[in-house]
Structure formats: structure tokens, C-alpha cells
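Taken straight from TrEMBL:
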TRANSMEM  31-52  transmembrane segment
DOMAIN    31-446  domain 'Ammonium transporter AmtB-like'
TRANSMEM  59-81  transmembrane segment
TRANSMEM  121-141  transmembrane segment
TRANSMEM  148-170  transmembrane segment
TRANSMEM  182-203  transmembrane segment
TRANSMEM  235-252  transmembrane segment
TRANSMEM  258-283  transmembrane segment
TRANSMEM  295-313  transmembrane segment
TRANSMEM  319-339  transmembrane segment
TRANSMEM  360-379  transmembrane segment
TRANSMEM  399-420  transmembrane segment
Amino acid sequence: MNYSDYNGLLPENLLPDEASPRWNNKGDNGWQLIATTMVGMQSVPGLVILYGSMVKKKWAVNSAFMALYAFAAALICWVLWAHNMSFGTRFCPILGKPGFALTQKFLLPEYGGFYVPMADYVYYEFVFAAITVILLGGSLLGRMNFYAWMIFVPMWLTFSYTVGAFSIWGKGFLEKYIIDYAGGYVIHLSSGVAGFTAAYWVIDMDTQYPSMYNTCFFVGPRQSHDRQHFPPNNIIHMLGGAGFLWLGWTGFNGGSPFAANLIASLAIINTHICTATSLLVWVSLDMVVYKKSSVIGAVQGMITGLVCITPGAGIVEPWAAIIMGAMSGSIPWYTMMVLHRRSALFQSVDDTLGAFHTHAVAGLLGGLLSGVFARANLLRMMYPTGHYSHGIIQMGYQIIGAAFIIVWNVVVTSLICILISRIVDLRMKEEDLDIGDDAVHGEEAYALWGDGEKIPVPIRWQMAPRIPSMCRRLK
């Protein structure tokens, strides 16, 4: 049929034309663009605000800027090579061939069997990739050299994230066996494990190889007084950032079917049911054990609920979402509030925002529970070509997938840290750690008159240029 053949059969606003071909479903396309924007707003401004307000005042600017930089850097890497490494032509069982995602020939045709342009798919998967590396950064706040972070982001995205995405979501060896609806493994387990690995690097080196530690080959922990006293600088803003994160998850899980269909609707309601349950369970445990309800605890419980439901949001029933919420509000609470304080390993690793507990533990929990609660009819609707099993067999697949993500991220993150440490210090200088934002960026979060200044601070363009530590290291 020609475009003119549709005259009289459809409302004028639904008629196909050159800018909206017959395969383009305007409803699905519109929802996908909205969902993608909501996921993007989880990072910018969501995590920018959350990180900038959840840390100590002297690290507010640095923490927020780490998130903002990662979002921008991830986008350029994504369209230049990383998208095709994650979802393009198969190069090997765990990786696709790198390639550009920049031409209209690539971006404007129909995406697969869905009724949206490929451009929707490229951008949607980018915001997933960006939030993953930003979540990882939550483990490293308050001491990582910003120049090292600038190198770390594209390297980790290229050599770690793309492998997980291709293996489970792309055309990799786990694609037809692992249930990971929207990223419990690809996003949350990988970011939690990688962040913990990067933060772990100094454990043995600090005591066994102090000379190596002193040369800043490792990220290491925050300064002792920062680690012991690290209050949020603005709890109200922290709640605002958390709100962007929670409501943005509507697009995170609701956009994964790439259609405004039944699975999207179920995923959205399950997301909020699980999150609310998890938050209430976490706060209840705080009140029972510590006799006080904690706002920070409520935010942590919210995050674990969001993470736990992610791998099964559109393929489990709402009653299962309540069970998953109860478990995500209690098991990560136990690992963070009890096990963390008793374990020598957890005590020696400085995971600034507890990303291991809120993302790795909750993501692993969600992946395993999704294998238990996934419904066969919903799996067929979401994955028509999947070879999914049930019960013990599917649980075995889920464990294999989790083990692959954990091992890959531990090894690759370690190698990336080693390589970067040969180029630039991973850790800030001690004098910069003493001061914080003003030493690192020449800016402060709250520029109130008389706020601790002993001498007038020169305007930025009046300051003498300072050679970056990266350049000094290479001399």
C-alpha cells in the first residue's frame, strides 16, 4: 500500500508519511522516548543531586561532578563503539564488533521486530550504560583522583559493561538462558562488584606494600576522620535525588519491552510495589533494632527494592513483588548493618555509599528470585525465542550468569586499575584530601560569605594555572 491508500482509514494524525513510516508505531515510539528520558533523569539530575548531597560537605562538588562527567563520557563512547560491542554483530561469545552508531542509515530504520526506530534503542541502552558506571562511582567517592576517573569511565564501559550486556542481552552465550529483565545482573550486580573491587585494592597493599600505597597506585579508603564522620550535607536534597531515582524507575523497567503493552504496565506496578515494601521493611528494622527511623535508611531500602525487582519486573506477579520487596528490605539490611560491621573484609574495604550491599547483593537476590517467581506466560510474551526453564534448572542458569558477571568484573576492574595507576595516581594527594572540593576543582558547594574563609578567595580566572597531577606524573 502507498501512503495515500491510508486516507480515510486512519485519523489524520496517525497517517504514515516520510518522517513516520508504516512500521513506526507513534504510541510505542512516544512512550519509548519518555521512558528513556526518565531513565536519563535518574542520572542527571537524579544521582548528581543524590551524590552531591549524600556526602560530606567538602566532597559535594566532586561527587556530583563525577556523576555528570560519567554521563557525558559514556554517551560519546556509546555511539562511537560501545553500542555495537554490546548489541551489534557477534565477534565472539561474549562481545560484539565495535562500530559507529552515528549515521541515519543505522539510526532511522526499524529496530528488530519492534515498531520504533533504532535511534530509540541506541539511546535507551546508553542511559542504562551511563547509570551503571555512575552507580559504580558511588563506591569511590571522597578520594579518587578525578583525572583517574576520567580514564576509568571509558575503559570500564568498553571492557567490562559491554561484555555483560552482550553476553546476557545481546547475541552472547547466555542470552537465551538468563532471566534479566532490565539489568539486575548487567547493571546492578556488575556495578556493585566492580565498585567494591576498585575500593578493595588497598587492603593488603596498605600493610604489606606501604611504599606502593604511598605512591598512590591504589584508590584506597577515605581519610580516617572522613570515614568515621561522613554526614550528608543536605538531607532534603538527598531526598529530592532519591525521588528522581524512584520515579525514574518507571521508565527503567517500563521501557524495557520497547512497547506500550501489558508487560510494560505490569513492570511499572511491580516496580513501585516492591520498592514501597522494601522501604517499609528497612525502616521497620531500623526502628526495631536502633529505636529510630533513619531517612538515609529509608533511601537505602528504596534503592534495594528498585534493584531487586529490576531483573523480574515484567515477568512476575504483584504478590511476588511484595515478597521480593520484603527480602530486599531485610537481606541487604542485614549485610550492610550487621554483617558489614562483623566482617574484617567489609571493614577494610571503604565502599563509600555501600553500593555492594544496595546493588550487588540486591541485584543478585533479584536475579535469583526472578528465576523462582517468573511466570511462563509472561516469559513467552517478553521473550518469544528464549529457552527458559523453571525451578532448579533455571536457578542453575541464574547462578551461572551471576558467577560470570562477578568473575569478569573482579578481573577486568582490577586490570583497569593497574593500567591506570601506571599513567596517573588513582588516589588524590593527601593535601587535597584534607581540603576537598576547593583543592580539586577550585569550587565549593555552598559559597556563603565567611564560611570558613580566612583570606579572600580569588576568582577562578584570576588564579595562576596549576599543572594537573597527571601531567606532573608523566614528566
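Numbers run from 1 along the shown chain.
Backbone N, Cα and C define each Cβ position, glycine as well.
Unlike curated entries, TrEMBL annotations are predicted automatically.
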Item checked: Listed stretch, out of 31-52, 59-81, 235-252, 360-379, 399-420, that has the most CB pairs under 8 angstroms to the transmembrane segment (148-170) -> 399-420
Check: When each of 31-52, 121-141, 235-252, 295-313, 399-420 is checked against the transmembrane segment (258-283) for Cβ pairs under 8 Å, which one has the most?
Finding: 295-313
Check: Which bits of the chain, at least 6 residues beyond where the transmembrane segment (121-141) starts or stops, bring a Cβ under 8 A of a Cβ in it?
Finding: 32, 35-36, 39-40, 42-43, 47, 51, 55, 59, 62-63, 66-67, 70-71, 74-75, 78-79, 82-83, 86-87, 101, 107, 111-112, 114, 149, 153, 156-157, 161, 165, 183, 186-188, 190-192, 194-196, 198-199, 219, 252, 255, 258, 351-353, 355-356, 359
Note to self: Taking only the residues in the domain 'Ammonium transporter AmtB-like' (31-446), give me the average pLDDT of this model.
What the structure shows: 91
